[in-house]
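Let me give you the structure first, and then I'll get to my questions.
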Amino acid sequence: MADNTQRQRESISLTPMAHGLENMGAEFLESMEEGRLPHSHSSLPEGEGGLNKAERKAFSRWRSLQPTVQARSFCREHRQLFGWICKGLLSTACLGFLMVACLLDLQRALALLIITCVVLVFLAYDLLKRLLGSKLRRCVKFQGHSCLSLWLKRGLALAAGVGLILWLSLDTAQRPEQLVSFAGICVFLVLLFAGSKHHRAVSWRAVSWGLGLQFVLGLFVIRTEPGFIAFQWLGDQIQVFLSYTEAGSSFVFGEALVKDVFAFQVLPIIIFFSCVMSVLYYLGLMQWVILKIAWLMQVTMGTSATETLSVAGNIFVSQTEAPLLIRPYLADMTLSEVHVVMTGGYATIAGSLLGAYISFGIDAASLIAASVMAAPCALALSKLVYPEVEESKFRSENGVKLTYGDAQNLLEAASAGAAISVKVVANIAANLIAFLAVLAFVNAALSWLGDMVDIQGLSFQLICSYVLRPVAFLMGVAWEDCPVVAELLGIKFFLNEFVAYQELSQYKQRRLAGAEEWLGDKKQWISVRAEILTTYALCGFANFSSIGIMLGGLTSLVPQRRSDFSQIVLRALITGAFVSLLNACVAGILYVPRGVEVDCVSLLNQTVSSSSFEVYLCCRQVFQSTSSEFSQVALDNCCRFYNHTVCT
């Protein structure tokens, strides 16, 4: 009896759960749309006669909810129309806001205007592609004889080569140092071809198009005024955007720690940037940009879809995150394609670290340009070093898709991005502690050994300054700056690019502060040209400590290909290092000094409160001048900051 009572209670208690308040609304809505009462398969009666009390109550509730059902049906039928109306109203409001902002202050609204124009261009492109994509492809496709098509391609290649030679001849007439950078490109390419895995299988189309895209991007960014201004503006906006990190880090750590301690000043930027990148990835903006860049490289260079997507993704994400974009296809990729994936990871830096390097004071425009230029160059050099000799399964982009992550909403994406970056920050901090400690130990050991044979000041940096000096010179760096640049290259290759950029920022800060160029026999700073070329040369993960990171990341995704990854990882590392060096050579060919000449007479004839690079250059002219061009006031100003025999 007790058991029967218990079963009866259980059955009674389950009834409200099945037909309780949670499901009552949905049940009523479904029944009303079907034109029947809840819990009944019969149609609604004409009147309420003949209904019991429960049925009359349900019928009255049905009648009270009938307008809601009609409204719901109307909205469902005209959902597309309502969407268009909402989008139209929102677009009108945004356009009106933009017009008012531009009329009030165009300079202040410039960023919003540029963002709006970029969005409109992308929307117009998508609309044009959807409406006229197939027709445009048929129009631009060459319909002539295959022999004529071949001769047309050869003619265009010959014209491009002759044009490049003529341009170099005219452009380098005033700046012969640019020819050194061109010679560096030739030497590096010859060395890479000599170490190629399959010399006869090299796809010269991929190599030439990759280097051509790299050169065109560099030409636009470095030499043209619109490109230079655009990338400078973009770099300034990123710096302003990253400055908001201080609000969060100051609240957590305090203003004193954020201003004075490196870890609390730089590393929180990585967390903030990673959070933003995760949000952009959730919204699909990152995938859209990656697909467009990959499409451009694939149609010009003839590479496969998977390897091109990975290299394009490396512009924004790190060497371990980019393979996740093509994770389902890694098991079936050829060795040449895997080599491209590795080379792309070594040749670029992560977007989160880009923010950290900018916070050091490294030129933001050069960092952004180096990351973009490295993508086609990595594809080109990888196909030169490890050409394709197998049949790829991914020649077409059909069937290759990018995922949108696991986040269910915007807040989850932001939180996940911040949480993932904690591991990155901890890894960077640990590596800095370890590498700087190892560097100090190595320098102490080398100094101890050097003292035994009367070699004073022997260190790792000194050895690198001699061994890698020819490499720095082939980049186009002036000979007097080559020892410092060679030191930084050695730190980057054998230790870590983070440490190298930190050292470069100290050289730049001393130059901007107006420090003397030489302190004894040690150079205090390097020229602006050397700084720019070094920024390009250091932009990449190609160092020996990254071998374990790359192998660990890829092996965790495809464990059965561990032997394949181990076979080509060192070759990919060397190729990635050469990508950064070729980037620096291209920058060396294209770089021209910018800025207005300083009027030293007017600058020094007034009271100068602090030294700067301009003050140093003007004071050097004062100390070397034998004419009466500079007054005694100018000499006094210079003698307050610098010791010279003239001042005694």
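Along the chain as shown, residues are numbered 1 onward.
Yeah, the Cβs are placed from backbone N, Cα and C, and that goes for glycine too.
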I'd like to check whether Leu234 and Ala407, as annotated in Swiss-Prot, sit on the same side of the membrane - that is, whether they share a topological domain name.
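Both on the same face of the membrane, per the record.
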Choose the correct range: of 295-318, 511-534, which one does Swiss-Prot annotate as transmembrane segment? Give that range.
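Checking Swiss-Prot against the ranges 295-318, 511-534, the transmembrane segment one is 295-318.
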Show which residues of the chain containing Asn605 (N-linked glycosylation site), separated from it by at least 6 in sequence, have their CB under 8 Å from its CB.
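The list for Asn605 (N-linked glycosylation site) reads Ser631, Val633, Ala634, given in order along the sequence.
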Find the member of 81-104, 110-128, 148-167, 179-195, 458-479 that has more C-beta pairs under 8 Å to the transmembrane segment (570-592) than any other listed stretch.
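Most contacts with the transmembrane segment (570-592): 179-195.
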Examine the transmembrane segment (202-222) against the transmembrane segment (110-128) and state whether at least 3 Cβ pairs sit under 8 A, considering only residue pairs 6 or more apart.
no
Using a threshold of three or more Cβ pairs below 8 Å, and leaving out pairs closer than 6 in sequence, do the transmembrane segment (81-104) and the transmembrane segment (110-128) count as in contact?
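Yes; at least 3 Cβ pairs under 8 Å.
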Around the Cβ of Asn643 (N-linked glycosylation site), how many other Cβ atoms lie within 10 Å? Please give the count over every shown protein chain.
9
May I have the DSSP-based helix, strand and coil counts for the residues of the topological domain 'Extracellular' (223-261)?
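Counts, helix then strand then coil: 34 helix, 0 strand, 5 coil.
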Please compute the mean pLDDT of the model over the topological domain 'Extracellular' (593-648).
84
